[in-house]
Amino acid sequence: MTQINAQLAHEPRHDWTLPQVEALFDLPFMELMFQAATVHRAWFDPSELQLSQLLSVKTGGCAENCGYCSQSAHFKTGLKAEKLMDAEVVIAKAREARDGGAQRFCMGAAWRELKDRDLPKLAAMIGGVKALGLETCATLGMLTAEQAKQLKDAGLDYYNHNLDTGPEYYGDVVSTRTYQERLDTLAYVRDAGMSTCCGGIVGMGETRRDRASLLHQLATLPSHPDSLPVNALVPVAGTPLGDKVKREGEIDGLEFVRTVAVARIVCPKSMVRLSAGRDDMSRELQALCFMAGANSIFVGGKLLTTPLPNMDDDSKLFLDLNMRPMGSAKIVAPESVAAE
């Protein structure tokens, strides 16, 4: 418990070694859960969840070859490429999200990097969403330092740019963008004064050491991610990694919980978010993730191109777990529950 006591007594560490992170993964499951829950309670109210909603504002046709992604132009997944949405449409979707209880609205575009020509339309989206009282987040691929400053000036609060996996396995995931380019974009975001949203995907065929390496990278950044999404791969037919996982099997649920728990311990102040793959998780598995330190989720029925649980199911789960959203939003029982 020495490392955990240090986490409770001081600001988060940035000097984790990879062997130390691996040792956390190797703890007996119940001990790991206890340590993660202890850290979580030191920094957060364990009964609160942050609710975010993500909208794909530009879908498909991406030039990247990320082996998990349905939106890559390199693979035949049946997804039709679409143009960048108009700001008015995005703002209307954000209003619906706010009225549904979301506190943060994220906008995602399927392209390799942000083009300067799209900045005015994106700035209008950001300003309109912010005017609704929502936190704003965007995931728009690689940025230059100047673009990061312009997004900050437009009012963007958070920028998402995932590392996806550890550097050792990264070459098996994507070859059109280097690991260093991802780190550079995160540096531009930090330097511009925006908060970072950065995590990865598990269940892509990587080893436990690769998962530890990803979390080691995140825990040794100059500042820990403000939001740390943990995605479970949703296998998409026609993508290399999706087809591989369908052949070889998906990640074990308890191993996923271990990943969430270690993320909580090494990045104690981050909002650890259950992201893609939650629709395939049982209520019990989600509850274990919350106990392990996850305190943020995506809602809204869809995450870019993959499904999420519907709000009625989420509301019932939150009620049964005695959990509530952060802020002023309230979860109300769906009609089917209220009638029981």
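Every residue, even glycine, has its Cβ placed from backbone N, Cα and C.
For reference, Swiss-Prot has these:
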BINDING   Cys62, Cys66, Cys69  [4Fe-4S] cluster binding site
BINDING   Cys106, Cys137, Cys197, Arg273  [2Fe-2S] cluster binding site
DOMAIN    47-269  domain 'Radical SAM core'
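Everything Swiss-Prot records as a feature, shown here on the structure.
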| residue | record | DSSP (3 states) |
| --- | --- | --- |
| Cys62 | [4Fe-4S] cluster binding site | strand |
| Cys69 | [4Fe-4S] cluster binding site | coil |
| Cys106 | [2Fe-2S] cluster binding site | strand |
| Cys137 | [2Fe-2S] cluster binding site | strand |
| Cys197 | [2Fe-2S] cluster binding site | strand |
| Arg273 | [2Fe-2S] cluster binding site | strand |
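Around the Cβ of Cys137 ([2Fe-2S] cluster binding site), the same chain contributes Ser52, Arg104, Phe105, Cys106, Met107, Leu156, Asp157, Tyr158, Tyr159, Asn160, Cys197, Ser227, each under 8 angstroms and 6 or more positions distant in sequence. Every protein chain shown contributes to the tally, and the Cβ of Cys69 ([4Fe-4S] cluster binding site) ends up with 25 other Cβ atoms within 10 Å. Shown in sequence order, Ser52, Leu54, Arg104, Thr139, Tyr158, Asn160, Ser227, Pro229 are the same-chain residues outside Cys106, Cys137, Cys197, Arg273 whose Cβ sits within 8 Å of the Cβ centre of the [2Fe-2S] cluster site. The two recorded residues, Cys69 ([4Fe-4S] cluster binding site) and Arg273 ([2Fe-2S] cluster binding site), show a Cα separation of 19 Å. For Arg273 ([2Fe-2S] cluster binding site), the count of additional Cβ atoms within 10 Å of its Cβ stands at 25 [all protein chains shown]. All protein chains considered, the CB of Cys106 ([2Fe-2S] cluster binding site) has 29 other CB atoms within 10 Å.
The domain 'Radical SAM core' (47-269) scores a mean pLDDT of 89 in the predicted structure.
For the binding-site residues Cys62, Cys66, Cys197, the largest tally of other C-beta atoms within 10 A is found at Cys197.
Distance between Cα atoms for Arg273 ([2Fe-2S] cluster binding site) and Cys62 ([4Fe-4S] cluster binding site): 25 Å, as a whole number.
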